[in-house]
Amino acid sequence: SMNHTTVVEFVLLGLTESRRWEITLFLFLGIAYLLILLGNISVISITLTNNFLQTPMYYFLRNFALLEITFTSTFLPSTLYSLLTERKTISLPGCFLQMLFFYCLGTCTLFHMAVMSLDRYVAICRPLHYTAIMNSRLCLQLILGCWAVSFLLMFPPTIMTVQLPFCGPNVMNHFYCDASLLLQLSCTETGFIEELMFIILIIILPGTLVVTAVSYGCIIVTILRIPSSAGRRKAFSTCSAHLIVVMVFYSTCIYRYIRPAQRGGQDSDKVLSLFFSVLTQTLNPYIYSLRNRQVKQALKERILKFSGSLRQM
């Protein structure tokens, strides 16, 4: 099919056509990307170098931080470049690669969030069995399983999309290569691929959401049994922050990709995509990790050690 392809690049209209707003968005997204990198690199560095943070929870958080960096790096650098230079085009191979990694890593994010909620469920609801259940072997299997299942699910429809002929037009009203828009631009029948992707998303999104919701539901029930009101407030503070991020991420993803009769291409789709691909990714390292007492203590010690080294110089 690729022999019949006449389109050699796609035009991404981006987030706005106003040059003034492009500069504003460049600053906003640039700061967001910087916060994502700094926050997640800090999490990885701190959890790797502190002996008292070598527990399953921090193992999952470290891998989640790595996933956050790779996921946002699939589209944010190119989006920033486009906003700064007004260059709107992306090559055909570049578009396919971006789409593959965006959906595979995005799917992996959902599985990671479900795994982390299970880890917190075991830690809070079955604390006496936590060490025995969440052993190093199971943790590794869960992480590898998240990556493997994500690529196995998203790879087939992506390869099928790559083999489609694209004869024009080549304009997408988005800031990254969106699968639903890409299928609309093909000059052949894409009904089977659309149905396949819809079924996969129906399995992934509600499936991981149920696991996450049930885990946090059991956690909340356990928290309500804590006799100390101060303990309950502290636990609810952490749990509510996690739930807010989860609700924003899932609600925008579900409405964007599996709402009835959606075809994509509206400006509202770009806003929804910004929420789950940028806003939640910016908040995640600070909500899940850097608010944690042990992580804050380790970060404080690192800063004091670094400032002491600077004074000696």
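Glycine too: its Cβ is placed from the backbone N, Cα and C atoms.
Remember, predicted model here, so these are calculated numbers, not experimental data.
For 23-48 (among others), the entry in TrEMBL reads transmembrane segment.
Here TrEMBL flags 39-288 as domain 'G-protein coupled receptors family 1 profile'.
Taken from TrEMBL, the feature transmembrane segment applies to 60-84 (among others).
Look at TrEMBL and you will find 96-118 (among others) tagged as transmembrane segment.
Feature annotation from TrEMBL assigns transmembrane segment to 138-155 (among others).
Residues of the same chain lying 6 or more positions beyond the ends of the transmembrane segment (198-224) and with a Cβ under 8 Å from any Cβ of it are 107, 110-111, 113-114, 117-118, 120-121, 124-125, 153-154, 157, 232, 235-236, 239, 242-243, 246, 250, 253-254, 257-258. Marked as transmembrane segment by TrEMBL: 198-224 (among others).
Sequence annotations record features per position, and here TrEMBL assigns transmembrane segment to 236-258 (among others).
Here TrEMBL flags 270-290 (among others) as transmembrane segment.
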**Message:** Tell me whether the transmembrane segment (96-118) sits in contact with the transmembrane segment (236-258), defined here as at least 3 Cβ pairs under 8 Å among residues 6 or more apart in sequence.
**Reply:** yes
**Item:** For the transmembrane segment (23-48), distant same-chain residues with Cβ under 8 A (at least six beyond the ends)
**Value:** 15-16, 54, 58-59, 61-62, 65-66, 68-69, 72, 76-77, 79-80, 83-84, 278-279, 281-282, 284-286, 289-290, 295, 298-299, 302
